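The coiled coil annotation in TrEMBL covers 51-128. Per TrEMBL, transmembrane segment is recorded for 404-428, 535-553, 565-590, 640-658, 773-798.
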Amino acid sequence: MGSLFRSEEMTLCQLFLQSEAAYACVSELGELGLVQFRDLNPDVNAFQRKFVNEVRRCDEMERKLRYLEKEIKKDNIPMTDTGENPEAPQPREMIDLEATFEKLENELREVNMNAESLKRNFLELTEVKHILRKTQVFFDEHEGGTSPTESMTRALISGDDTARAQGPVQLGFVAGVILRERIPAFERMLWRACRGNVFLRQAEIETPLEDPATGDEVYKSVFIIFFQGDQLKTRVRKICEGFRASLYPCRETPADRREMAMSVMTRIEDLNTVLGQTQDHRHRVLVAAAKNIKSWFIKVRKIKAIYHTLNLFNLDVTQKCLIAECWVPVLDMESIQLALRRGTERSGSSVPPILNRMDTFEEPPTYNRTNKFTKAFQALVDAYGVANYREVNPAPYAIITFPFLFAVMFGDLGHGLIMFLFALYMVLKEKPLQAKKTDNEIWNIFFGGRYCLLLMGMFSMYTGIIYNDVFSKSLNVFGSHWSSVYDMNYLMRNKDATIDPKDAYSSTPYPVGVDPVWQFASNKIVFLNAFKMKVSIILGVAQMLFGVILSLWNYRYFGKRLDIYLLFIPQIIFLCFLFLYMVLLMFIKWVSYEATATDERLLPTCAPSILITFINMVLFKPAEPSGNCDPYMYGGQGGLQKLLVVVALLCVPWMLLAKPLYIMRNQRKAHLPLNNHVNAVEENGGAAHADLESGVQNAAPAQQPAHKPAGGHDEEDLQEIFIHSGIHTIEYVLGSVSHTASYLRLWALSLAHAQLSEVLWSMVMRMGLQREGWFGGVAVFLMFAFWAVLTVSILVLMEGLSAFLHTLRLHWVEFQSKFYSGAGYTFSPFAFEVILEQAASSNDD
């Protein structure tokens, strides 16, 4: 249980591995995931390390696998994921993997090149087919001349009498295909460059054509250009080349064109057959690769991770032994030894590995062992800061306090039920949902915190029962104990009725939660505000006191007796004598005053205000009586309150001066420099202070100077000690006030949530319920759908997020600041599971 409330005990070990067994031993440690290696070559370049060539080979294998994966995804072939976790291959198996990947890549690239070449030929033949088909229409439109070009000539110069008198003129022509969107610009350029001396005809190709380079579908048009002379021919060809138009030969006579069309159709059919066979072969290669690509990725990444880890090791003088340093949990030493033994047996080595514990003054990493239930709560704590080594871990307490404080702000039976059912679905369908491995970040956050959501929903249902609030309505299960006011006729006649306990209360409380009669009372807000405000202060003071008590646990564990007497005791006295006393006044007020009291001085109307009483207490102001009412709740209250305030104020100089003066006295007595103490204080900071007392007692005599000049560096160091103590004291004293007030957010958000729920019901749902007849049924159906959407989106999601953030702040600032410094660094073991998860998430991104 100690590892649950504190981080695991860690130790620094030195590991000696034979070169032949190092790979297998590191592989076993990666599967175990309990060893964090240190880099023993921090000054060595990554390209100068021993296993850099093996890492490069792994990078090349990863590149080939990514190419295969890209091609598989392009063909929408499902990649088989059996969920298996293959072991890291032996170094000799790398050659087989490299050969397999090289063969697959070369084969696939060759198939792709052949397919692209065939598709390019197919595209050209298809464009020629369309040219022959479309240009035949152009030629048929101008029949009657001695040749097709002569008929085109007549069409071109039909309006020129001079040209007609000179006789027929022979024209040349070119035909081709161009992208459809380039036609307007292409036509304008021809007209301007050729000064209107060309004749252009174009027709659209109805079906899209596939681009062999990109695989995208493009729309093109066929064109034919008639011109006269070689100069215009050259100019036209250059323009076509500039617009990336494809030019194809076109015969002049109809017979030649028919013969060419038949030849093109035959070649297209042959190409279709070859293309189909090529695609089938490519598909077979990719399907075979898709069955193993997941396991191949795992194997290559494990090999790469092993060689990256081996690059952190040092070689001994004989070059036959690898030396490593690593952090390991003390409780897992036996498991690590067994893993090393298995690795040695796998490698066939006869020399056993050696794992020695080392003594060090370095701060160990923080390792909190978690499971699927506690992982989310530990993540909430670590988001603020990783705990110092062996510091009290707030996560176990947050399992209860976090959902409960959230529920105080989110208290509604209906809304809590929605959250509970959603979380229960994720818990029951845990394995199928986890196997989907979606990259939706929001869903992953919800799924990772499913157990936290489950508790938040359960506690919200509980507080909803206490508030007697379900979708802004009350549940009358046991019958109201305010009988006369609960009469419906009375309520209809008195819309603004308030509840007077003298007339209506039966002196028997409602069995569970708030009496449902308050739902109809106009002073409902006044009553609930007083109730929730006091409960918020009570919960806040209780949690802060618990945080200060946890600091005592830290001091005792680390042996800091000085901090117990000079920090903890004044802190607990200050908090108890002021704020815990205020909480006790609330309970005294609840117990002492009642509606049916025989003594008028004990009626609720004579109950003094807690806030006014507390303010008068701090200001040493005497309470003023009002009529027959006693300003005090018990005898001797005024004198006791003055004593409590005086003692609480004396705790301020106690926290401010006691520790620095004690250090200064011991410093002068031992004639030790203050630098060691200041550094110790600055390193720990916050709730965890250095054990200066032990530092003074255990100082080496050789470090004691014979004489210190007055007014030297020691005065500056002493000033730093006083400044540090002053900052800590001011932070705690002012923080106690502000943190207590900060817990009023529990009341404020609870009130806002309840009022927003009531407004949503009255503005939306009531509109449908007030309708009658068949139209009323339709209106109820529509209004309920609209109300349900707003309830889930606003009251559950948005209000839930708001309450979650406020609860997070209460834990980080108000609770953890009393004992938690969070200045450590996390334990990051060499684990294949973590490496594969990070690689998968980076690939999804």
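Keep in mind that glycine also has a Cβ here, set from the backbone N, Cα and C atoms.
Remember, TrEMBL labels are computer predictions, not curated facts.
Within the chain carrying the transmembrane segment (535-553), a Cβ under 8 angstroms from the stretch's Cβ atoms is held by residues 392, 394, 397, 401, 405, 408, 564, 567-568, 571-572, 575-576, 579-580, 582-583, 586, 687, 736, 739-740, 742-747, 810, 814-820, all 6 or more beyond its ends. Of the candidate ranges 404-428, 565-590, 640-658, 404-428 has the most C-beta pairs within less than 8 angstroms of the transmembrane segment (773-798). A contact between the transmembrane segment (565-590) and the transmembrane segment (640-658) is present, since 3 or more of their C-beta pairs, 6 or more residues apart, lie under 8 Å. Regional average pLDDT for the coiled coil (51-128) in the model is 90.
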